[in-house]
Each structure stands twice: as C-alpha cells, then as structure tokens.
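I have placed the structure first, in the form of structure tokens, so that the comments after it can refer back to it.
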Amino acid sequence: MSAPAPANEDGSPEKPTQGGFKTMPFILANEICDRFATAGFNANLITYLTQQLHLPLVEASNLLTNFNGTAAFTPVLGAIVADSFAGRFWTIAAGGALYLLGMLGLVVSALAAALRPAPCAAAAPSTCQRASGGQLAMLYLPLLLTALGGGGIRPCVVAFGADQFGRRRGRRPGGDQKWSYFNLYFFSMGLAVLLALTVVVYIQENVGWGWGFGVPAIAMFLSVMSFVAGYSLYVKVKPEGSPFKRLLQVVVAAFRKRKEDVPEDAGSLYHNKELDAPIAADGRLLHTEQLRFLDRAAVLTPGDVADSGEPDLWRVSTVHRVEELKSIVRMLPLWAASITLIAAASHNFTFAIQQARTMDRHLTRGFQIPPATMIIFTPLTMLATLALYDRAFVPLARRYTGRRAGITYFQRMGAGFAVSVLGVMAGALVETRRRGVAARNGLLDDKPGAAAVPMSVFWLVPQYALHGMSDALSTVAHMEFLYDQSPESMRSSAAALFWVAGSLGNYLGTVLVTAVQSASGGVWLQDNINRGRLDYYYWLVTFLLVLNLVYYIVCFHCYTLKTFEVDGGDEAQRPRDGGGEQAGGERQADELPCHGQVGASGNGVATVCDVEKQMQ
C-alpha cells in the first residue's frame, strides 16, 4: 500500500511551492520575537521584584522560578490542542495573541503607580513597604497570560519548522536538513536573547520599566504579524486526533487482557496498515521486545474486531500503536536527566545577578554594566559554540564517524551535561574568592549595591560561558532526541516534553532552594550575600550534577532506538547513517533488515534499520 499523498490540515494537497527554507524567515521571526520578549522581561525580572516590588531575595527568586515552571508546563496543553484538532499553525497564532495580551498587561503594571508600592526612602531603606497582595495579583495575571501564550508557541514551532522539510515524496519529516535546522533554530534563539539582554535590560535599568516591558510587547506584536503573513507558504500537517487518547487505549486494552499470553511470534499480533496509515507516514513502527506486558493490547481475542472489520480500539490496538507508547516510555529516563540539570541550575542566574550587583561593574568611569546584562556571555558563548560546532567540529568529526552530523545527539547531550558541571564549579570558586575579597575589605555587612566589592564583575564570565557551551550541546541535542525518537504523530507533544522538563526542573529547583534555606537556618542564602554562603550552595549543585551525569550514562547504555518499516510503494530515498549518501532506489518492507548497531540496549545492542538511523 502506498503512503497517502501529503496534505495540509484543511485536506488540500501540498503544493510544490510550500515548505522549505523560504518559510524560515516567517517561522523564526515569530520565535525570535517571542524569545526576545521572554528574555527581555524575564532576565531582569528579579531586579523588578526586589527593587520595585521590594520582595526578599529568596522569595523573589522562588516566585520567578515557579513562574518559569508554570510557563514551561503549559506547552503540554498547547501540544494536546495542536495534535488533537487545531493543528500547529493555528495553535501558534492563538498562542502569540495571548502572549501579546500578557505583555500589554505587564506594561500597564509597570506604568500605573497604584500597582507598585511607594519607593523606598533613601534615608531609611529598611522601612521599604513590600507589594501588597492586590499589587502582586496584577502582576500574576499578565504573567499567566504570557505562560499560556508560550504554551501555544513553544511545543509547535520546532515541529512546525521541521515539517517544512522533506515531507514531499515520502521523505521523513525533517529530511536530510533536519539536524541543520535544529542548529539554525537555536542559533536564532540565541541571537534574540543576546539582543534582549543588551537593549531591553539597558532600557529597564536606565529609562524605565514602562519602556522596558513595552519594547518586548512591540516585538511580540511583530511576531504574530510576521507569522500570519507566511500562511500560504507553510506546509500545514493535518492533526490526526489526540495521541494521548491512543496511548490510553493501549493501556486499557493491555489491562483488560492482562491474563492473556503474548505469542512468541510477533506476526501473530494485530496489524492494520490501513488504520495506521494516517499516523504512520514515516513508516510503521516495528515490534520490540521491551515492555512486553504492553503487547497484550495487540493480542486478538473474540469480539475485538467487528464483522465489518472495524476494531474496538479500547479492546485491541495495532502493533504500531503499542510501539508508540513503548517509544514514549523508553524516552522518559533519558528525558528525566534534563529535569535534574534544570533543577540544579534553576536559581544560578538569579543568584549570579546578585553577585554581579556587589562587584565592580565599571567599563569606564561613568558607565557601569547592568547586573542582568552579564548574562549576555551565556548566549554569546552559545552562539559561538553553535557556529564552531556546525562549521568546524561537524566536518572534522564526519571524517572519523561517517555521520552527517559528526556525532550522535546522545553523545552531544552527554557532553553538555559534563560541561554544566564545570560551569557550576566555576561559580563556586568565583563566589569563594568574591566573598573573601569582601571580608578583607570590611564589606560583609554591606548589602548588594551599597558598596562595590573591589573585584571585577568579569570574574563571572567563565561560569556564564560554560553554561552557554552546555546549552549549545545539551539543549539542541535534547530537542532533536525528543523529535527524532518520538512517534511522528506526537511530535508537538514530544516538544512539549522538552518544556515540561523545564517546568518540573524549576519546581524541583524551588524545593531545593527551600530545603537548603531550611537546613542551613537561612545562613547560606541571605539577602546580603556577602554574609551568606552562596559558594556552599554552588558546591552542592555541582555534586548533584555529577550524580546526574552518571545517571544519564547508565540510561544511555540501556536505551533502545525505535525502528520502523517502509512500504515498497513509498518513493522515498532514505538517508543512510553513513557519509550522508542516499539509499538507492526503493526497498520492500521485508527487505529492510537492521544493518547497524548503535549504543547498547537491555539485551546487548540497540539495532537500527537503515531507514531509521537518524542519529545525527
């Protein structure tokens, strides 16, 4: 049976003029403006909370981390909407509109004096009045709108962009250019963050918070307009119903047949190519031996299929649908490694801003770098690393590995986790030195900003730079892993997993900071970090990241890659895992043996069919 002709979400056939790199200016402009807006108010929000709303440092940091956690969880809702009925285009457009409303609310909260407490008296800063519950509520509402808007944008933009490549002629979504697209995507996001950390933070510190929030709001308006303007150029993949419903059907069917024996011959399990065709344009997933208890869902029993041939999907599932669930379950342990990484690093930047506020920030006698602008070295390093990785490392590594992308995304992710350990370690060493300089100069009792510790703020650059290098390696690889190893009908949902890791990581980071605050009796993390022991906190985080790296390595060696078959009717030329050449001609499904071995699985090796080994 030939694969169905690619069609847009409205049922119309895809046109040859749709998709490709010509759509990138519209898609990336949307995400660049979104990321610019997010970074513009988020990077320095700790300053707004502590200096404008007069919240204590730990409370403000936890509030910010909890908001980031909520904002990172809403992509699950967006993914469900996109994959179930709305499609990615309309979910992104609606999300952008909600985000814009939230940004306008932030502008109002910054401009209206009644929505902020009175400024602190210069003579008596200790009598500062913190923001009331009503004033905080007027901040929370716009933040909630931005979180919901981001939930519509973030799980869909990456998958929507990858959909523009290689869908015609039966190719896998993403095609040969997929790995390069992910690098381009994150490079563009880094540029947006870089611009926000320079322009917007400067406006917030030197012009005012009204314009500081207003500029990102204008960027978000341009984001929505630019994305909608490219409507006719996009490949718009039709949603095929809720993937979560299919997963639930597999679980229910397996539970109902929990007493049934699974046949040794996988060919005896239920297959239905016609039923699976709309959700298996890549090819049907092949049976795997892991998680065999789920195979009971594909065991045929009397009453499972009506006389008309229509199956009761709450009683029986096809092998492809069972393998969809297995793919998601197998991904979870590796995905969870990023939760710990984000949890450990969730407060690092907010605390580093407070470090920078105490240090000598002068570039010239009359100009000081805003504390939040120091974060600029993270996206700068990320951009430089992505450029060097794509243009220098990949061609060099390709000569030795034969892979188009140089190394696998598993190796790239592991390298990023290792570099993150060095980043936090650098932070601990610099904080020990900074506190020592403060003690020698009698500044331990001076609150941040009251008197500068005679130590250049550029001592913080190594930790920022290492975090940027870690992001360039682990973040890009994590997103590509989720996209490549997820079932094709769940790619928006898989992208949502990327953001859910951020959500859970931020919430777990709040728990970590609260536990440290309680266990140390408030000594380690104080409003006056000169008296605190922030370096002890950094060393604790370093230890946790080392444990997480060991956990990731173990999970990697137990992971089995998904495999799938392709009908002989497909006219695809599938990329091989070798030097990037194409597999010549068509091949029948039963002529697609696994030809390579990558990594390790529970039973020795993880085998990958040559149509699937997209490890770059």
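Just so it is clear, glycine is given a Cβ too, placed from its N, Cα and C backbone atoms.
Record features, source TrEMBL:
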type     : residues : note
REGION   : 1-20     : region 'Disordered'
TRANSMEM : 63-82    : transmembrane segment
TRANSMEM : 89-115   : transmembrane segment
TRANSMEM : 139-162  : transmembrane segment
TRANSMEM : 182-203  : transmembrane segment
TRANSMEM : 209-235  : transmembrane segment
TRANSMEM : 369-389  : transmembrane segment
TRANSMEM : 409-430  : transmembrane segment
TRANSMEM : 495-516  : transmembrane segment
TRANSMEM : 536-554  : transmembrane segment
REGION   : 570-603  : region 'Disordered'
Long-range Cβ neighbours of the transmembrane segment (182-203) (under 8 Å; 6 or more residues past either end): 24, 28, 31-33, 35-41, 43-44, 158, 161-162, 211-212, 215-216, 370, 372-373, 375-376, 378-380, 382-383, 386-387, 389-390, 472, 475-476, 479-480, 483
Folded-back contacts onto the transmembrane segment (369-389), same chain, C-beta under 8 angstroms, at least six residues removed: 43-44, 46-47, 183, 186-187, 190-191, 193-194, 197-198, 201-202, 204-206, 349, 352-354, 356-357, 361-363, 457, 460-461, 464-469, 471-473, 476
Beyond the flanks of the transmembrane segment (89-115) by 6 or more, those residues with Cβ under 8 Å of it: 9, 30, 34, 37, 41, 48, 78, 81-82, 135, 138-139, 141-153, 156-157, 160, 208-210, 212-214, 216-217, 220-221, 223-224, 227-228, 231, 234, 236, 492
The transmembrane segment (409-430) touching the transmembrane segment (536-554) per 3+ Cβ pairs under 8 Å rule: yes
Contact ranking winner - 139-162, 209-235, 409-430, 495-516 against the transmembrane segment (63-82), Cβ under 8 Å: 495-516
Interface-richest range of 209-235, 409-430, 495-516 toward the transmembrane segment (139-162), CB pairs under 8 Å: 495-516
Beyond the flanks of the transmembrane segment (409-430) by 6 or more, those residues with Cβ under 8 Å of it: 334, 337, 341, 344-345, 348, 352, 355, 459-460, 462-463, 466-467, 469-478, 480-481, 484, 535, 538-539, 541-542, 545-546, 548-549, 552-553, 556, 559, 599, 615-616
Residue numbers, six or more beyond the limits of the transmembrane segment (209-235), whose CB comes under 8 Å of its CB atoms: 6, 8, 14, 17-19, 22-23, 25-27, 29-34, 36-38, 40-41, 44, 48, 52, 89, 92-93, 96-97, 99-100, 103-104, 106-107, 110-111, 160, 163-164, 167, 196, 199-201, 203
